[in-house]
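Participant: Okay, here's the structure, questions in a sec.
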Amino acid sequence: MTVSSDALSAADWTAPRRTHPWSIVVNAVHEARRVVSGLVIAVLSGRALGGGELVGVLVPVGAAALGVLAWARTSFRVAPEEFRLDSGVLFRQSRSARFDRIQAVDLDQSAVARVFGLAELRLQLGGGRHGHFRLACMRQQEAARLRAYLLDRVEQVRTGPPQTTNAGSQSTESEPQSTEYERAAESERAEHQRVAPAPGASGQPIAASVHAADRARIAAQPVAYESGVPYGPVPAQVPLLVVPAGRYLASLALSVPVWVAVLALAASVAAWAAGATQLLGAFVPETVAVVGFAWDRFQRYYGFTLTLSGEAIQLRHGLLNRFAQTVPLSRIQAVEISRPLLWRPAGWARVRMNVAGYAHGGGRGEAGKRGASMLLPVALSRSAFEIVGRLAGVDLNAVPLHPAPERARWRASLWRRGYMYGFDEAVVVSRRGLLHRRDCVIPHAKVQSLHLVQGPWQRRLSLATISLHSTRGPVKVVLRHRDVDEAQRFLEEQSRRSATARRRTAA
Amino acid sequence: MIDADALPGDGAGTLAEGGWHTVAHARLALAGRARLLPPGLVLLVLAGLNGGAARLWFAAAAAALFAVSWYPLGRSARTWRYRERGEDLLIDHGLLVRRQVVVPYGRMQFVDIVAGPAERALGICTLRLHTASASTDARIPGLEPASAEQLRDRLAALGEARMAGL
């Protein structure tokens, strides 16, 4: 460890600190989209009243002054029990996040932030729309160190003081902490530097390194490390899976949004070439939206790397906006392996998950709506099943699947064959879909509640549908059109299985 | 407040066979019907404001609203029942679409008691159970406030004892 990286020891986080000055610019650019439209309206309306130029100058100057003020009034520090963020110009706000409430610490790098070598920390506190903190922006390495430090503290609170380093030596209290922290920080930093450079910037384009790692190295990775070790310091973190750029592009080319985007673009161009300006007016906004969506899809999960590290998985992805996220295995609530029709010939699958404690629907970027739910954007379905099986601790191919009864064809004539479910001592698996096949996996201990629903038509046929509820997310586990006696029995047994599994996890 | 004894067959909290509890279904049905009053009144006012054929149509719609839903509301209110079991609470209801909900005590995050104006006037309330899942739709309507509070405290204690991390 070099002197410069030692300069910021654990103790330094306890003093109030400001974010990096460049974050004013980064925030300004982020806000610009919203501001520009307001500015245009202000200038135009100002021009109508006279003095539009004045408004055009005053508003940006005022906004810049506000930005500087907001930056100057924002500070953060690490208190003994919590992380604290003070902000606000007129209305002062002091928010604190207790270490035992922090669910995850994510690192988010928008394209603008990357230009300045900055990164944003995001603390996930679980639940609610305001369940996360954004800490914009610090120097990339500083952010990575703070993240490692916070993760370490969170882990300590969760598991008690680290046993391994304490054993035998009666050293001062801060000693084991700081060594844990340093190890964590070092590994975090090393990894960050390995992944972070922009494609082409370091002479080692990401695409090339990804191609070199074209294979899922599943067998080489031990499943779990000794508990009590923080997420960071695992000696050799071989990625479980790196999504090759070529496969990722091909998978996108075989997805509906991209086709819609291409068609919209073609229609717009055709309309323009034919000189049909009215049509163009109708097409262009949709085209912009659709192409933007497709582009977002593309850049968001580019270079997706999944690493198993101790009792957590690490996800890193993004072309322009880079994102690093650590999800403890215990917080994954349910997983869905989906195989769209167009991917079936190539044998690809997408894996998504429900993660507990992620604030949904708030905030720009990854941890917003969909970010926290992607486990693998595309992988060979064999690898997908194997990885999901390893995360859940079961062999998914060994779980026997039962099809829906024959008479369900009177209720779902075409799709009946697609409905299957099965369970073993650890998980319930449901499959649905003939064309777009979705396999959902939920561990017994993660079931929140169970519903059994029987519609009038189902009652005539002695059928029933069971839902196993998970936390918010894309995965819905539904067992459709089962025999009603079987469903009733399943409901009874499943509540018992879940109770047993919960007790086992609690112990 | 309406006297509960005046309503025949209002089986609040009766212990039926198999440990099932029933709810005050007569008052629950009345509360459901009371919820039809605002739209019904709007239709009647519209009938009053209009003339000719439109007046007839609006009046007919108001009459149909009550005629069609009066009986099913009574029937479906009768179907509500719940059972406290060792590890979970089981709620069963539904006339046309039958629903059973199982909520483990260890998964309950909090329990609400809510009562609308009609329910308050009739002296009943609804107990709502919340888990970490947004899809959990677990509620027991037609409880008397005292028994609802008892049930809530019991559930809270059971939940506390069995609370499991996510």
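Placement of Cβ uses the backbone N, Cα and C atoms for every residue, glycine included.
TrEMBL annotations: computationally assigned, not manually curated.
According to TrEMBL:
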- A:54-72: transmembrane segment (TRANSMEM)
- A:71-150: domain 'YdbS-like PH' (DOMAIN)
- A:158-206: region 'Disordered' (REGION)
- A:169-179: compositional bias 'Low complexity' (COMPBIAS)
- A:180-194: compositional bias 'Basic and acidic residues' (COMPBIAS)
- A:248-273: transmembrane segment (TRANSMEM)
- A:301-359: domain 'YdbS-like PH' (DOMAIN)
- A:418-492: domain 'YdbS-like PH' (DOMAIN)
Participant: Using DSSP, tally how many residues of the domain 'YdbS-like PH' (A:418-492) sit in helix, strand and coil.
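Facilitator: Secondary-structure composition of the domain 'YdbS-like PH' (A:418-492): 18 helix, 37 strand, 20 coil.
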Participant: Counting by DSSP secondary structure, give me helix, strand and coil numbers for the domain 'YdbS-like PH' (A:71-150).
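Facilitator: Across the domain 'YdbS-like PH' (A:71-150), the residues distribute as 21 helix, 37 strand, 22 coil.
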Participant: For the transmembrane segment (A:248-273), give me same-chain residues lying six or more residues beyond its boundaries with a C-beta closer than 8 angstroms to one of its C-beta atoms, as numbers and ranges.
Facilitator: 279-280, 283-284, 286-287, 290-291, 293-294, 297-298, 301-302, 304, 340, 342-343, 346, 348, 350, 377-378
Participant: Averaged across the domain 'YdbS-like PH' (A:301-359), what pLDDT does the model get? Just tell me the whole number, please.
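Facilitator: Mean per-residue confidence for the domain 'YdbS-like PH' (A:301-359): 86 out of 100.
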Participant: Based on DSSP, tally up the residues of the domain 'YdbS-like PH' (A:301-359) by helix, strand and coil.
Facilitator: 6 helix, 34 strand, 19 coil
